[in-house]
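Listed in TrEMBL for this protein:
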| type | residues | note |
| --- | --- | --- |
| ACT_SITE | Glu424 | active site, proton acceptor |
| BINDING | Thr138, Gly177 | FAD binding site |
| DOMAIN | 17-132 | domain 'Acyl-coenzyme A oxidase N-terminal' |
| DOMAIN | 134-235 | domain 'Acyl-CoA oxidase/dehydrogenase middle' |
| DOMAIN | 278-439 | domain 'Acyl-CoA oxidase C-alpha1' |
| DOMAIN | 479-656 | domain 'Acyl-CoA oxidase C-terminal' |
Amino acid sequence: MEGIDHLADERNKAEFDVDEMKIVWAGSRHAFEVSDRIARLVATDPVFEKSDRARLSRKELFKSTLKKCAHAWKRIIELRLTEEEAGRLRFFVDQPAFVDLHWGMFVPAIKGQGTEEQQEKWLSLANKMQIIGCYAQTELGHGSNVQGLETTATFDPKTDEFVIHSPTQTSSKWWPGGLGKVSTHAVVYARLITDGKDYGVHGFIVQLRSLEDHSPLPNIIVGDIGTKMGNGAYNSMDNGFLMFDQVRIPRDQMLMRLAKVTREGKYVPSDVPKQLMYGTMVYVRQTIVADASNALSRAVCIATRYSAVRRQFGAQNGGIETQVIDYKTQQNRLFPLLASAYAFRFVGEWLKWLYTDVTARLQASDFSTLPEAHACTAGLKSLTTTATADGIEECRKLCGGHGYLWCSGLPELFAVYVPACTYEGDNIVLQLQVARFLMKTVSQLGSGKAPVGTTAYMARAQHLLQCRSGVQKAEDWLNPAVVVEAFEARALRMAVACAKNLSKFENQEQGFSELLAELVEAAIAHCQLIVVSKFIAKLEQDIGGKGVKKQLNNLCYIYALHILHKHLGDFLSTNSITPKQASLANDQLRSLYSQVRPNAVALVDAFNYTDHYLNSVLGRYDGNVYPKLFEEAWKDPLNDSVVPDGYQEYIRPLIKQQLRTARL
């Protein structure tokens, strides 16, 4: 059985050049080559072995994480890896760790909010990992409501210091990754108070632990918040709590790019526009959307390969049973998730461009597109993470009972991924930010102020409020203009309906509170339009390789038409399409599933994931599932002995009906 490719027949059916699709997925030939090389480097290094994570205690798991992080840093130095290569190495090591927050939050916070002098001082240490940092914002009592944070930073002009203090239990910092056991420093967000006045939340660099023996500094209480969901999973991360009791730091440890406090205690906003902060936010949310496509594609790869291996029912005259992937019910659940993985990949690519565009505009003091970019990234973070978390769980169900095994890779992937629905903005709260922006845009439609960016379609409100879809046959749903117009009409009509309902309230805020559910739905409609239109825009690019564009075309329309089917109530209630046109969309969807079917395994091969990275018996490249499931079962500690520990005390007395005399 070893060395046989059980999925070879599936791969031979492919109607496109898989190697070219790998380059499209990676974003460029260079990105593919870097990823491929680093993935293999990690997969062949025994220190990065991870198949035993579920069997480790929390302490063992955490220590193994420290070992992997230290080894990864050693390899980065030895091999003189570039920043891009080092990022890919951390990605393929695939174990949540303090380094994620050090590089992903601590360093960017200093870059974005520190002065040049502060960056020179702190980044020179952070970039060599001579200090390890985390991002201490969230508190026990406040997460989404950042303005409600309770930690205080009170300036003492006598000593030229800030006094950092946690006045209540709910002001304890709670959740920051890397804080619990590792970080030596933190960017701490606290209410700046000087001369008796509260100037709101600002960032401060605070040393937490000794650089000699790692013990917490005086008046600092710090620890880990405890075990989280799942085996292995996010338990490799030391999410922490932190309390300050009148801890003093020098005045120059306030991050002072946007505002500073003078030696005399005067608060002085800087000339640097506050809007620059939005650039960092766009960057962070863009990486979260990219992470969504990574996680969803991983789950889909496992579910697709296993669906092709698994056979159930349908045997004729003693013949072989039907592959599960051939059932339309399986395709109807699986292929839209495959399409979503590609859709999120391409909208993530577009967000990279948006970040570059926003950054260039900010440098030129052009803030005109900022509110739209902020709303758009908030909405896409929410949309993609929600769909991915739900999609991973659906992939687990698509794998039947075996999907519930830890070694399927899916339970741990789910447990690792779901926090993304909450961190960097709760998903419902974010959609409400989008809704507020949409309501403002609708209210300005008659004012001559043209909507920009992803809301540009709203400028055609008059047409979109009246137009009727021209679909007459199923193939018409493969016309990009027809699909985009249906999505635009639905999004605009839902936004306008919300605005009309809001206008009935004397108090706008009360109206907003009453209409929260409808506003979230309008925001989601707008965000789905963005994903559909960016997928279609991707297809307008020059994409080479035999059959590659055709497959992407099929996936694009599966994504769009499945959304239409799933949210049919929206499309029908807004009269964006008719029931007959909805029925034709379903006909076209079925046809697209049949076209994707022979290419399904090759389409997930294009993700180019190693077996090490997937860490799934069900998603193995060679499809040799059943013997490997047995191998994994035998590794479980319960199978170390044939007769279980506890037999003499509990099982034997039970069977022999001697419970009264047993020493329980």
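Any Cβ shown, glycine's included, is placed from N, Cα and C.
Contacts of Gly177 (FAD binding site) defined by a Cβ separation under 8 A and a same-chain sequence distance of 6+ are given as Pro96, Phe98, Asp100, Leu101, Cys134, Met237, Asp238, Asn239, Gly240, in order along the sequence. Between the alpha carbons (Cα) of Thr138 (FAD binding site) and Glu424 (active site, proton acceptor) lies a span of roughly 10 Å. Remark: secondary structure over the domain 'Acyl-coenzyme A oxidase N-terminal' (17-132) totals 89 helix, 0 strand, 27 coil, with classes taken from DSSP. Around the Cβ of Thr138 (FAD binding site), a 10 Å sphere holds 19 further Cβ atoms from the protein chains shown. Taken residue by residue, the domain 'Acyl-CoA oxidase/dehydrogenase middle' (134-235) breaks down under DSSP into 9 helix, 44 strand, 49 coil. Around the residue listed as 'active site, proton acceptor', the C-beta neighbours below 8 angstroms that are at least 6 residues distant in the chain are Val284, Arg285, Ile288, Lys381.
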